[in-house]
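If you check TrEMBL, you get these features:
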type     : residues     : note
DOMAIN   : B:32-148     : domain 'Acyl-coenzyme A oxidase N-terminal'
BINDING  : B:154, B:193 : FAD binding site
DOMAIN   : B:290-452    : domain 'Acyl-CoA oxidase C-alpha1'
ACT_SITE : B:437        : active site, proton acceptor
DOMAIN   : B:490-668    : domain 'Acyl-CoA oxidase C-terminal'
């Protein structure tokens, strides 16, 4: 900590001693925070392990994020490389392996600010798409870091539509090589991480041409930089794509290929091969590719989206228990802003959502694991459902978490806008998750396509996957709630969500059929329904999230008040969803206006109830101060002192700006007319 | 432009020649873009003047923003000071004055990236709160830049609640001075612009104490830095508050005062005075203070919020007409993403909103000018309405524009996330407008308080201000629309908005009374209604915006197809509002479910209609490429070439990173086990 400039304000000793306004929040917890943490972790042993990993990482100064908010893009890149290299060393020292139990906690602990994440995707793609020989050749090199890999798929002109990629790989029978080219500027590879400045190799996706015929997109291993001096290889033009909203630590790069030749063996050929004479052979199922993206999207939900929302809630709720502003009752002390209904209504639904998503992640993981077992038995039947679930939930969760983080940021007022609060960087990072690994609207439309198919199948009596069986059991009816307490009954609100999802899916299916029957072309009819299809897909995912939360709460066996508070959060999540989307529930009169008033009343009542446990509920996420890296969100709640001390370290306070000598002094010392 | 590294991709000549995909959009405009621009400007003469000012500014290299996305906080501050000083010189040269017709275009032209904005607030506060002697002393010094002023109101612990400020100013009768102190860390001034590194003087707001009695908040002129060498004055601790989400060019600062003495004449004393013997005299009306904030909020709407949304729309819509991705029809060329319904549904409502807000700004300006004339005649009756309007619209417009910019950013996919798109900086800047000059929730509650008062007054037959007279004319009834075309009738949708606003205000008023009648304390009852009060205030402002848009369209006299396209935009704005808030219209059955389907159908139809004019509609905003500063949004639509060329200029491509020598080389040249 910087030394205070004057003794009077030097309350250095204050840091670490908990602000009484935060301490009092913890004394009245209705449940055991430690037990909730253990339950969220999947058992006390997991909590112990996680804390051990976090402890090792955070006590190592190389992993410090202390100056992160003050660094330039160049500095952040250098730090990320330093950390990535050091992490390998650390893991070696500690005996941690990629398959070990500690592994999943490591990236949480380093808080994502490391390089070489694409190196891992490079390895994964070779493992999945390469032959045994290719795996035997490349994986040891990569895992020993005798090369640094990247993954060059996206181009300037193409992201979501992979078939449209323009990079070419022409097979030259005479030399047994592929000749790779970037035929035009839009074909330039653009965005791949680790590629701008670090990678020596990359997997390039290109249109394969043999004897003038195009066989579509295939992956090729291409060396781009010298292993000796890191200079660009002949025919390679590469560099960094420049500043972004965040991810300054990653060298997202561009790559142009000018008649770059790679040997025939460099095409990853588990599923297809070009034989020496140019014969193209396809083998095995390509469906497995879906599974890769499924796994990536699910790990994104648990690894990026949910922790960001949990951190933002922790910061904003602790701050709101410490910040006092204006008087709620005349003559009294200024009130904690968390006591204002509007502040509760901003933050507590985000808290409930963080829990809801933690549980839906468990559900997705389970469905995924089950699917994986089936696939190992060569049964690919679950793939469409898995794809629909992972797409829809990737979109729903990243969208929800992004807006949740923004709400938390704004709920902290001006101080939330300071980078030192930690909230701006959480926001600028998580918003990218709405775009990468599948743009959310595109993904929701894929889920919608699955839903429409299933709905049609169900209506003709065919069997449909477990997550959508509810589509077959449609019934009209009205919501039976008679008073506001009825809306705290999970059966009541779950049914309302189900009803709404079915209605949106069935009405869109009907519109689609109407359009086609009245002569519209199929693709045109689809396009004209897409706004509603997106709504339907969201409603489906929202319903499953509520249902899963309810089932999770029912299964809770831990004592210590946990089930009660989880039930409140579940109710809040469900009623917030209705309160924020009243229209879809009112539309066909399933819920009446009078019932909606009951929903509102119960919803607002819940805010006041959960408010009492708000701080313990974020404490249970168990983020260390170092991982939050927030002047507002630290465990001790000494926000003003910390803001002041951290600001001292800013480069803007470390130099006399040249602006004084150059501009201010001449201005002040002369009359304007002499300028 | 950087030289291309290879001739093959050097399409430098391409820049400036319009991408055919954008050119074709312009050929089919249904109206005259130039005439629309002139109409928006308030006449062709204004357009000419604006372009002249922009031309002067943009042709001067000192005002260049070319490297803005690559600069550090220190560099941006220095550039902002350089520009501010140069701007004074430029204005002098050009004969532009603060009262001249060019003035309002200058800040649009420099795009806000200049220092000394708080210097102007310093001057404004002296002009409004100072006596004639004080004005005569300080204003010439300030306008000649013999000092640089700031405005120190906000403290670490207090923003919105001014009465809670903790800085003290104790009157010392013996020396005829005020002694200013920062009694604790939360009392430190925090956030004032121009204060961290530039200002020599500031207006400090402090609690006035005379003979031990507190008289509340008063403004004092305090010198904080030497006019000779810019060193901090005795008793002053000041510095920069560090990195923020944006505004890196502004030196937002902190300030602590340790027994700093200022003469009695330094308290701004137009409205109150401390006489030599310590007698406190209050004079005149303090209500005028409302008026200052009113003017600031209105200028924020027109100066910050609306241009940001217009720029974001320009960038995203031009890009969406150039970006092709995936096929809409099998066998055809890939489609422009603007042809996808989901993309239209993201962008076109933002475009309609930009127009709606441009018109509501005219309305607010007119109400404000009328109020100002009244106030000059010492009639303060319009102040409550003005305050309610400026508060509510500041909140509504900044909120809407912030989420609109975010939608535009995300609608551009990965490239929108690059700083070079211009969208991230628009977003990170505009989100601050939801917080500064009154936090939006607090402002909406002030509007709500006015609405509840007026509603109560109306129900007892008292007269109420013009903007809320509709509250008196409540009637039940149902929406009379019979088919989807009826929802293109302005009377139909305006009435729906009015009905909804009245219902939300009256039902919340009823809940408030119920709570009080059932024994709740008044402040507690108020707090328990605030979530709904915020909704009611928004509905009120939304209604006025729609009504004003309708009236504006009706009054259009220009030919050239402008009225027709404006009518479409008005319809779209109105129907988008219903489509996005179906619940409030369905709640009491004013609009039925079947009618809501008609709304949806008309709304989706409109998207396809307006899509045809989308590019001409953003062209009409008439932003230069330099003012957009966007690789995606330039007039010529050469997005890929520009992204590539701009990326070359990034500092990440200007050095071999030390990371290679320090970390990558040792890693690659050794086995991991030797690390």
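Using N, Cα and C of the backbone, Cβ positions are placed for all residues, glycine too.
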Restricting to the chain of residue B:193 (FAD binding site) and a gap of 6 or more, list residues whose Cβ falls under 8 Å of its Cβ, or answer none. B:117, B:118, B:150, B:151, B:247, B:250, B:251, B:252, B:253
Which of the recorded positions B:154, B:193, B:437 have a Cβ less than 8 Å from any Cβ in chain A? B:154
Spacing of the two Cα atoms, residue B:154 (FAD binding site) and residue B:437 (active site, proton acceptor), in whole angstrom, works out to 11
Tertiary neighbours of the residue listed as 'active site, proton acceptor' (same chain, Cβ under 8 Å, six or more apart): B:293, B:296, B:297, B:300, B:394
The number of other Cβ atoms within 10 Å of the Cβ of residue B:154 (FAD binding site), counted over all protein chains shown, is 20
List the helix, strand and coil residue totals of the domain 'Acyl-coenzyme A oxidase N-terminal' (B:32-148) as derived from DSSP. 85 helix, 0 strand, 32 coil
Under DSSP, is residue B:437 (active site, proton acceptor) part of a helix or a strand, or is it coil? coil
Mean pLDDT for the domain 'Acyl-CoA oxidase C-alpha1' (B:290-452), rounded to an integer? 95
